[in-house]
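For reference, the structure discussed in these notes is given below.
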Amino acid sequence: MKTLTVALPGREYNIQIGWGLLTRAGEELRAVLPGASRIFVVTDSHVAPLYLERVRASLEGAGFRVTAHTVPAGEGSKCPARLAELWEAMMDAGLTRTDAVAALGGGVVGDLAGFAAATILRGVDFVQIPTTLLAQVDSSVGGKVAVDLEHGKNLAGAFWQPRLVLMDPEVLDTLPLPVFMEGMAEVVKYGCIRDAAFFDFLAARPSRVELMAEMEHILYTCCAIKRSVVEQDERDTGERMLLNFGHTLGHAYELAGHYTEWSHGAAVAAGMCAAARLGVRLGVTPAELPERLEEALSALGLPTAIPCTAEDYAAAVGLDKKGAGEDISVILLERMGRAVPHRMPKSRLLEELR
């Protein structure tokens, strides 16, 4: 098992990575939540049949009372209506300030459960048990929790750090191949922004079998990079913006597909390639880098370009939380392994994207 400690002002928590951790969830949670009597587990309709009973048995074996709440799988559950249902279910279960919420699922479950934990009873302890690669390397670490609004994704949320993150690579075996590979888009992103050697390591292992054989190392490397960024910038005001490489344009592709045609990982993959090409046009990115990135992503079965209208780009740029007034910060690559924010007028960005 590998352990990373995220140290923030006044508090810290561990990210634990290891095969078989799911069956040891009870003892791991008991170690950090000695006073809790109930764990309210939030999961979804895909994950519950696979892993809920294993986690429930482990938690009950550690002396916890367990209440489970299952939401429909999919982005549609990350909404205010489901959040309100979750609050009421927590109250029906008798949740107290000394109890905890555990998210067993992907990014949607983590965001929804985390926002509920941040707001119920003015905040209760929260544990992440991510079951997708995307959630393991991205959304489960860093404390961002949110729901979507009709105006866009993640527009109502909070910063609510978990007490513990448990990552068991075994759960990735049951992911459909496209879902596994969309998580790889975020994995590749870490190599792009911080570690060129890691990018090369990934590019040399394009198959799922090869990647799973190295998964503890992959998860550890990604989480170590994200930890270093979050420790420097918990509230997303500076350094943490680098994690958004590919996301500004990726959001445009998600919007163009009405959040159903393209997965988040596919949109980010295409967004990274678009940002690399933009960087070349702006004189920031080396001319050969986009092709290198496109080859690595194509080998993983990820898109390198997605059709998008000027209107969709404009809508995404207008909603992007990295924008301020008439300007926006776009994350570009100075070289493989080094990302920088590039501030520019929104009008110029839209002109370059036409």
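Backbone N, Cα and C atoms are what each Cβ position is placed from, and that goes for glycine too.
Per TrEMBL, Zn(2+) is bound by Glu186, His247; the candidate from His217, His264 named for the same site is His264. Spatially, by CA atoms, the binding-site residues Gly107, Val109, Asp111, Thr132, Lys153 include one closest to His247 (Zn(2+) binding site), and that is Lys153. For His264 (Zn(2+) binding site), the number of other Cβ atoms no farther than 10 Å from its own Cβ, over all displayed protein chains, is 25. Averaged across the domain '3-dehydroquinate synthase N-terminal' (70-177), pLDDT for the predicted model comes to 97.
Here the Cβ of Asp111 (NAD(+) binding site) has 27 other Cβ atoms within 10 Å, regardless of which shown protein chain they belong to. Taking the Cα of Glu186 (Zn(2+) binding site) as the reference point, the closest of the binding-site residues Gly107, Val109, Asp111, Lys153 is Gly107. Residue counts of the domain '3-dehydroquinate synthase C-terminal' (183-322) by helix, strand and coil are 99 helix, 0 strand, 41 coil (DSSP-based). DSSP assigns Lys153 (NAD(+) binding site) to a strand.
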